[in-house]
Amino acid sequence: MNSQNFQLAKSFVHESYVKQAEQSRKGREKLIRKLLSNRKLSKDGWDEVTIRLFLQEIASMDSNNFIGNVGAGEREARIFSNIVRERNYGLGHGIGRSGDIGAIQPKAAGSSLLAKLTDSLVLDAMRIAGLKSIKSALVVPVATGMAMTLVFLALRTLKPRATKIILSRIDQKSCIKSIQAAGYEPVIVDNQVVEDEARTDVQSILNSLESDRILCVVSTTSCFAPRAPDDVVAIASLCQSFDVFHIVNNAYGIQSRQSNNWIELASRKGRVDMIVQSTDKNFMVPVGGAIVASSKVDYVKNVAQIYPGRASAQIHIDLLITLVQMGQSTWQELLKEREELFPVLKEELSKIARRYGERLLDTPHNPISMAMTLDHLESKGFSVEFFGSMLFTRFVSGTRVVSRNNNNKKVCGIEFPNGFGAHCTNYPHSYLTAACALGMTRKDIEIFCTRLDECFQEAYEKLALQKKEEYL
């Protein structure tokens, strides 16, 4: 209510009560005004009442929520189910226009405001996490792989003769598919094994760059161990020398200060044209969105303009709610907590590994993921793939088991000799991965390690029983 309505309310309720309510309302309005003015995360997160109030105010700016509005077109944000309407706060128009996902919709001032504000808050959150040089961020309602495809399509107009994209090998199908979906030929450069770690083969990338048909090099900063994040500084220098674009797949790297430092250094030493990252992995929202960011504002605009048609606003709603509820303090606390828990998980996994004749692989450059060998278990004749399913049946998700005895695999028509999943050919160990990602707690680590220990016990009990039966 405005001040006039509060004044009228005094004829029904005691003046002091109304005054108190008015002060509370003004406090919430001040938070909203500050957010719209600063376009940054507030120091402290908002309460749910303020968030709902803000979303209702935004929704009231869209034409489908105008009192007395009559829709006479084919797309009037009509919502049949009240459950769906409530889930979306009445924001049914989506974002963007047919020629630009970042454009303002005349019928949807509220949804347009929502999209612009979300982009601003994401940009602020990324800068807080350490990506200081980023000047523009665009939230797109597709996951990371498809967002990479949009980036490649946007770059096509800038280098129309290019036909190939160099990918420093990352064994995730979406990375290869994103290149092929954009109509380019992937040139996959295998990694080198240095001690336990699969690292960037900078020399092979240099050799591949000698073709004049290369659009860009795609590097990766967040990945499953034993792969190390790419040497983005060296790649950035090469890309600058050969005048090719450098795109960084920073999938869940925002949460890592180390990854962000590498990107910042790469931007200073060479070129980093765009970085792409997931919304769900970095900000704990449902799957379905990605963030395209760059220090070059025009490049991000090109991606917005290549997106065909309007888009769902659901990703923006989820992100906006999450970020204003977090605020700066909680976001910084979550980043710090993840960093502090990483060595804790590492130590606990090391203990279990030693107990069963395994060891934690030495992957010093990976700040999020780690891996322990399953060589001893496999040498006894136990299927490591089955070991992974044992964990899953104990409600442990997210771990990944890779066997050194993998057969050759073909992905998107490309042959990968022995070891797809290990990010290199003929990796010498079978292993299990685990990640200390944003939102993990000490309790999660304790429960995971307890269940992992139980799986080892059960595996060796099965082996003992099998040996006894063979003896009999």
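In case you wondered, yes, glycine gets a Cβ from its N, Cα and C as well.
Long-range Cβ proximity for Arg75 (pyridoxal 5'-phosphate binding site), meaning a same-chain Cβ under 8 A and a gap of 6 or more residues, is found for His93. TrEMBL lists Arg75 with the feature pyridoxal 5'-phosphate binding site.
Cβ neighbours within 10 Å of Arg310 (substrate binding site), excluding its own Cβ and spanning all shown chains: 20. The substrate binding site feature in TrEMBL is assigned to Arg97, Ser98, Gln105, Arg310.
Marked as tRNA binding site by TrEMBL: Arg268, Arg394.
Lys281 (N6-(pyridoxal phosphate)lysine) is surrounded by 23 other CB atoms, counting those within 10 A of its CB over all protein chains shown. Taken from TrEMBL, the feature N6-(pyridoxal phosphate)lysine applies to Lys281.
The transmembrane segment feature in TrEMBL is assigned to 136-155.
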Note on substrate: the CB centroid of Arg97, Ser98, Gln105, Arg310 has further same-chain residues inside 8 Å, namely Gly94, Ile95, Gly96, Gly99, Asp100, Ile101, Ala103, Gly309
At a 10 A cut-off on CB-CB distances, which of the binding-site residues Arg97, Arg268 has the highest count?
Arg97
Using a Cβ-Cβ cut-off under 8 angstroms and a sequence gap of six or more, which residues of the chain neighbour Arg394 (tRNA binding site)?
Arg451, Glu454, Cys455
Least buried of the binding-site residues Ser98, Gln105, going by other Cβ atoms within 10 Å?
Ser98
